[in-house]
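Structure, as structure tokens:
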Amino acid sequence: MRELKIFSGRANHDLAEKLCRHLHLKPARITLGQFPDGENYCKLDEDVRGRDVFLVQPTCPPVNDNLIELLTMIDCCKRASAERITAVIPYFGYARQDRKDEGRVPITAKLVANLITRAGADRVLTMDLHAAQIQGFFDVPVDHLYAAPVINDHFVSRRFAGDEVVVVSPDEGSIKRALGHTKRLGGNLAIVDKRRTNALEVRQNTIIGGPVEGKVALMFDDMISTAGSICGAARLVHEAGAKEIHIACTHGVLCGPAIERLREAPIDSITVTDTIPVTGEKLLPNLVQLSVAPLLAEAIKRIHHDQSISELFRER
């Protein structure tokens, strides 16, 4: 069987090292950097001819830098005669630009999928895409994993399950995700009726379902970016009498005013995974980071051995 090689870009080296430890491997050696004019530089420091190569690189902020680095890594491995190249993209940037919601705008998620495919990726492994239909933008197989089992197990271990909890969907678009969590955690479902006045301004109105008074409210989303929506929803739930509020997401983008908003919001804990590094001021006292490395490592092992990974596709 062809040898397995795992290379890491600079976007999330810690995650790559964790999943390598789970596979009892060392990260393959690669030199990455920039020329004085800002152009990316990539050189493989070991042979990949005939190897099964996995490139770990989320396209998180700085999105364009990390995307270009991923593309150069793919091209580098292709030209070095790797037998198969799998792009492991724990967080897929540009996923929110998956359709034309107004005239004269691009579908950038499709463009990025084309770039990754044309660069030479034979397969993509990703997690919690903002829009599941992005899988269809690729002309190569896409394995789409979910972090919900990892997050649910965390809340069960904290005894946040059963009749004392209410799972709150922060908007209509998250109802399916919230329903999945209620099946695992129990409790009732509540929905924040969110009315968006424009692309930047969100106004929360009412809570449908519940009840939330006296309950431990759990709120889930695929990502927290500027945190405006989820913090607004948390305030509404707090005003409705929830005794505790805990929020969780797969991708902690946490950009712009997110940290300030999360500090000021009536939120008891924030749970994210390590698809994106969380460092510096983002390490709030009430922030918990879970690892998806075991899940990704198992998927990589099964792909390498040409085994089924369908049982890893659980949304809950």
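Every residue, even glycine, has its Cβ placed from backbone N, Cα and C.
From a predicted model like this one, the values you see are computed outputs, not experimental measurements.
If you look up Swiss-Prot, you'll see D37, G38, E39, R96, Q97 marked as ATP binding site. Feature annotation from Swiss-Prot assigns Mg(2+) 1 binding site to H130; the stated evidence is sequence analysis. Sequence annotations record features per position, and here Swiss-Prot assigns Mg(2+) 2 binding site to D171 based on sequence analysis. Among the features that Swiss-Prot reports, active site is placed at K194. Residues annotated as D-ribose 5-phosphate binding site in Swiss-Prot, with sequence analysis given as evidence: R196, D221.
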Inside 10 Å of the Cβ of D37 (ATP binding site), count up the other Cβ atoms and send me the figure.
5
Looking at the binding-site residues G38, R96, Q97, whose Cα is closest in space to that of the residue listed as 'Mg(2+) 1 binding site'?
R96
Just going by other Cβ atoms within 10 Å, which of the binding-site residues E39, D221 has the emptiest spot?
E39
Shortest C-alpha distance to the residue listed as 'Mg(2+) 2 binding site' - which of the binding-site residues G38, R96, Q97, D221:
D221
By CA-CA distance, flag whichever of D37, G38, E39, R96, Q97 among the binding-site residues is nearest to D221 (D-ribose 5-phosphate binding site).
R96
For each of R96, H130, count the other CB atoms within 10 A of its CB; which of these binding-site residues has the top count?
H130
Counting other Cβ atoms within 10 Å of each Cβ, which of the binding-site residues G38, Q97, D171 scores lowest?
G38
If you pair up every Cα among D37, G38, E39, R96, Q97, the residues annotated as binding ATP, what's the maximum separation in angstrom, rounded to an integer?
31
Please state whether DSSP places D221 (D-ribose 5-phosphate binding site) in a helix, a strand or coil.
strand
